[in-house]
């Protein structure tokens, strides 16, 4: 059974929703070099609860299971516990979940957030490119977030965490989660365990060769042997993203 966990407070309290998955953090990774992931954003509702990716000056891409009716988006962040000179805050003006998102299966776990006003790009705030094609199995990717860093217990970091991990084959993904993987999902990580995203990373980016190929979605536990992280396959949604942005 999958369980989905959303952070409720800075202390790491979480609530489980039936249907599926563990909303993901970084376990077994490393502290990212300062401001080396300028497309990473923090979604806030009085506290950090999910990640996201800046895809142009006024739009952020995240996971549909991170939905709230009002979201504050923080850009240019590195240490989420302090106010930084690089930090820019925007309210959401429109929040759009994929119309076929399922909270039970987590299929189509993707969401667009329009910022109330555009942001100016800087060394600390830059968009990430959408995929020009789907990445192949074996491609090395960068996962980032402020999620839990322990597979047992809680430790939410101040500084942005990074993890380098490969895309697994469709067969490996299906065998890890029989009957749960749709064509809109990819597995990224290590079957031997020890390295993974986890609670608090949900909605955040998986970037491969400079393109946003995945969104942190779900998994069983964090960094457990045989259970890699599962991510929304962004290359399947480029048309929907572009059409939705054009409509608003």
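Using the three backbone atoms N, Cα and C, a Cβ is placed for every residue, glycine included.
Classification of residue 65 (active site, charge relay system) by DSSP places it within a helix. Positions annotated as active site, charge relay system by Swiss-Prot: 65 (among others).
Neighbour list (residue 109 (active site, charge relay system), Cβ cut-off 8 Å, at least 6 residues apart, same chain): 63, 64, 65, 98, 101, 184, 215, 217, 218, 232. The active site, charge relay system annotation in Swiss-Prot covers 109 (among others), and the record cites similarity to another entry as its basis.
Cβ contacts within 10 Å of residue 202 (active site, charge relay system), excluding its own Cβ and spanning all protein chains shown: 32. Per Swiss-Prot, the feature active site, charge relay system maps to 202 (among others); the stated evidence is similarity to another entry.
Annotation source Swiss-Prot lists Ca(2+) binding site at 77, 79, 82, 87, citing similarity to another entry. Residue 77 (Ca(2+) binding site) falls outside any helix or strand according to DSSP and counts as coil.
Of all the Cβ atoms in the protein chains shown, 19 others lie within 10 Å of the Cβ of residue 32 (disulfide bond). Feature annotation from Swiss-Prot assigns disulfide bond to 32-162 (among others).
Reduced to three states, the DSSP call for residue 50 (disulfide bond) is strand. All chains included, 30 other C-beta atoms sit within 10 angstroms of the C-beta of residue 50 (disulfide bond). Positions annotated as disulfide bond by Swiss-Prot: 50-66 (among others).
Under the heading disulfide bond, Swiss-Prot lists 134-235 (among others), citing sequence analysis as support. A helical conformation is recorded for residue 235 (disulfide bond) in the three-state DSSP classification. Same-chain residues at least 6 positions away in sequence with a Cβ under 8 Å from that of residue 235 (disulfide bond) are, in sequence order, 131, 133, 134, 135, 213.
The disulfide bond annotation in Swiss-Prot covers 141-208 (among others) and rests on sequence analysis. Neighbour count (other Cβ atoms within 10 Å of the Cβ, all protein chains): 23 for residue 141 (disulfide bond).
Residues or ranges marked as disulfide bond by Swiss-Prot: 173-187 (among others). Listed in sequence order, 167, 168, 172, 173, 176, 177, 181, 228, 229, 230, 231 are the same-chain residues at least 6 apart in sequence whose CB falls under 8 Å from the CB of residue 187 (disulfide bond). In the three-state DSSP classification, residue 187 (disulfide bond) falls within a strand.
Its own atom aside, the Cβ of residue 198 (disulfide bond) has 30 Cβ atoms within 10 angstroms in the protein chains shown. Marked as disulfide bond by Swiss-Prot: 198-222 (among others).
Here the domain 'Peptidase S1' (26-246) returns a mean pLDDT of 96 for the predicted model. The feature domain 'Peptidase S1' is assigned by Swiss-Prot to 26-246, with sequence analysis given as support.
What Swiss-Prot records for 1-16 is signal peptide.
Taking all protein chains in view, 30 other C-beta atoms sit within 10 angstroms of the C-beta of residue 196 (site 'Required for specificity'). Sequence annotations record features per position, and here Swiss-Prot assigns site 'Required for specificity' to 196 based on similarity to another entry.
The separation of residue 196 (site 'Required for specificity') from residue 87 (Ca(2+) binding site), Cα to Cα, is 27 Å. All protein chains considered, the CB of residue 208 (disulfide bond) has 23 other CB atoms within 10 Å.
In sequence order, 158, 159 are the residues of the chain that are 6 or more apart from residue 79 (Ca(2+) binding site) and have a CB within less than 8 Å of its CB. Per-site Cβ counts within 10 Å over the recorded positions 82, 134, 162, 173, 222 peak at 222. For residue 77 (Ca(2+) binding site), the number of other Cβ atoms no farther than 10 Å from its own Cβ, over all displayed protein chains, is 26. All protein chains considered, the CB of residue 65 (active site, charge relay system) has 29 other CB atoms within 10 Å.
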